[in-house]
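J.: Dropping a structure here in structure tokens format, bear with me for questions.
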Amino acid sequence: MTAPEEREKNDSLNQTSATIADGATEQSNHRERSFKDIALESDFGTDKESSRISISSMQALKDGSEILEPDEAIVIAESSQNNFETTKDDDPEDNRNSIIEQVVAAAQYGDIKVLKFYLTKSTENSNPLSPNLTDSEGITLVHWAALNNKLAAMKFLVSIGADPDVPAGDMHATPLLWAVRYGLVYIADWLIREAKVDVSIVDKNGIGILLASVFSSNVMMVLYIIWTLNDNGDSESTAIVGLAGIDTVDQKGRTALHWAAYQGDFLTVDVLLAAGSNADLVDADGFTALHWGLVSNSRSVVSSLVNYKCNINAKTKEGKSAWNVASDMKCSSMWYSILKDDGRNPVTGEKAKRLLSKISAKCIAFFLPYFTLPSAIAILVSPIMIAIKIFLLFFLLIAQQVILTKIVLPSYRKGKISLLKSSFFAGVFSASVFICILIWVFLLMPYTLGDENISHLILLFAVTGLVYFFFKAMLMDPGFIPKEIDYKIISSTIYELLGMRQFDSNHFCIHSLIRKPLRSKFSKEKKLNIARFDHYCPWVNNNVGVRNHKVFVAFAAFLEIAVICWANLTLEYFDELPDKAAKHCGILTENLCSGYYGSTFVFYFFWWIMLQLVWLSILLIVQFVQISKGSTTYEFSHMHKLASNETTFSSVPSDDPVAFEVRNEEVADGVNYNEDDSDAENIEANISQTLISGTPSADPAKKRIFTLPLIFISKLASSWLCRMVGLDQMVILTNDLIQEKKLDRPKLLYNYGFKQNWSDFLFLRRIGDVYSFRTLFALPIKGESNLNGELVDYYKLYSVGEPV
């Protein structure tokens, strides 16, 4: 097995960038965080070229020498010019080299004032230098401006005659190739659209802009190359890059997908596969993208390729299969796990026959609690030994778990699926409601119909409403925003975001290729964004978004009423049973004592329903507070989230007037909707930070006394069980109420007051509508809703106060 030549790290780039002042330092560090350093000595450039950010004056920074400020440079240049004219001992060549060093440094820093002084004719400089001058190693000023992300400086250089298409360096790469290689989207965009550079130029190793964009590991750069270059009217370019040339190869037959897989860049792999890249193409060594993914030891990359139905049985020229490569790279366990998740035999790779269809699996998961729940209660009430009861309960639980994990869940879909994301808990709820109805009809009504007629009518109304809204909330589209497939719309969206300096993963969806609306969140299961996402609810087995949020709250409200009425009728039923006062009931009341001895099954089921009332009440309280404040569950929880280090792949030029604002704006509404809220460790850290933030800090010993119990509470609240019943939200809410005056929380962007927030939530008033029962019961057709009294479309809401 062969591997690509070992890639040299650009240490001088990172080292020198750390010393560049102000904007240059900030931008270089940003690139260091965002992109993997993957300069390829033989396939893209030598170490000499790939580290060429620091020579001349920038080398002086590395060596600790003093670098002149722009104004000082001008003064010294003037002095040098005068000395050249008056002093015979000075060497003109040394003087010229010194000036060139200052000009190169100005291009690197983006100092237009210095560039203008030396490169344009003026009263102070009657003999300007050529804008096409090169440094001692043949690198042009445009190259330096492009590499250091100095858009304004590059524009100036081109405007005074600098050629932006000149190849330079050992690999004869153009400024465009340099910019693309480092993921500088805005530089590349200006060179392509404004400077009209030739996008078909390749370096001496045959590397063009598509492969160079993959080397950057900036997925936004890859998206730009794929989805815009077919729109520039150049038929030749279309054959080299863009969708038609997605499988362009280098001199060793490696495509962009090969390189992305080798780098372990799963985002770029997903983008290339979605754009139609062929996963089964082989390079000169017979390696497919799957082989290179195994070499990189990246589970995400290999999983994407396997799910894309690549040929897992392909062999290299040496006759090595994917199993052999995995063994060589010591990742066989990962490979077997991926095959198993894909429903394959880990040893042979053959597709395993599923015992159930997807629909059958969902139905079994949903209806299984209809058997296991009453069976568990029947075991509890049976007159057998406690030890036998415990054994039977454990046997029932284990049998249920085996059926779910070994038979049902593997039939759902490819990959792992959490029990919380299955229909099992919706089945638990519906089974509970079904049994409650049976108890009500056949036991409670005959005993209490004459005395509790009003309660029965209320319960009938509540049960009807909750059943209707339960199935409505479960089956309704929560607000999935369709994926964009029109090439012109995608490219137009990219250009629009580039103009706004917002072309990054916070504002553009990498997977569905749309501009992300405010308050939307990406769903990993559906690969789509959910408009005004609130939360995922396992009890209805669906996400809650803009279209079904009101339905979900109605379901919860009707359920609360039904549970309270049912519990009241059950207690009345117990009261009608024969008096068991002679029996010893301990702490139980007289009614409960009668129920325990007179109707044991209903007694145990009564407490099961009371347990459901706990999480239901928590849910309603949390929803009430959040709606009152104009917030969603996701936004509310992320108010307390720790700062994220995830990159947004933004490459806004460091000399752009809005660069500082864009880099400091995580997202338009202050919430990073890219992040996954299902990570228990992150949730635990957020809750722990929220609780500890209000503890006394003057005395470290006292702080430890306060902190330890709070850490325990945070661990408990972040467990899957507490998250399922909303206890994590309740802990955060309670802590906020207690520390309201102590903590300065971020202002809720969509809070327009209690009355307005509830009016916006309850009534869907389209243009010309008034508050009425019709608008109360109206549901969104797509993403329409009200915000501060205005009709907005959450499928296309990109700024606050943007009406339809």
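Glycine residues also receive a Cβ, built from the backbone N, Cα and C atoms like all the rest.
A TrEMBL annotation is a machine prediction, not a hand-curated record.
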J.: Give the range, chosen from 168-186, 453-471, that TrEMBL lists as transmembrane segment.
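T.: So the range that TrEMBL calls transmembrane segment is 453-471.
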J.: If you look at how TrEMBL annotates this chain, which of 256-279, 424-447 comes out as transmembrane segment?
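T.: That would be 424-447, the stretch labelled transmembrane segment in TrEMBL.
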J.: Three or more CB pairs closer than 8 Å, sequence separation of 6 or more: does that hold for the transmembrane segment (424-447) against the transmembrane segment (206-227)?
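T.: No, the transmembrane segment (424-447) does not contact the transmembrane segment (206-227).
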J.: If you average pLDDT over the repeat 'ANK' (137-169), what do you get?
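T.: Looking only at the repeat 'ANK' (137-169), pLDDT averages out to 95.
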J.: Per DSSP, what is the residue count of the repeat 'ANK' (285-317) in each of helix, strand and coil?
T.: 17 helix, 0 strand, 16 coil
J.: Just give the helix, strand and coil counts over the repeat 'ANK' (252-284), going by DSSP.
T.: 17 helix, 0 strand, 16 coil
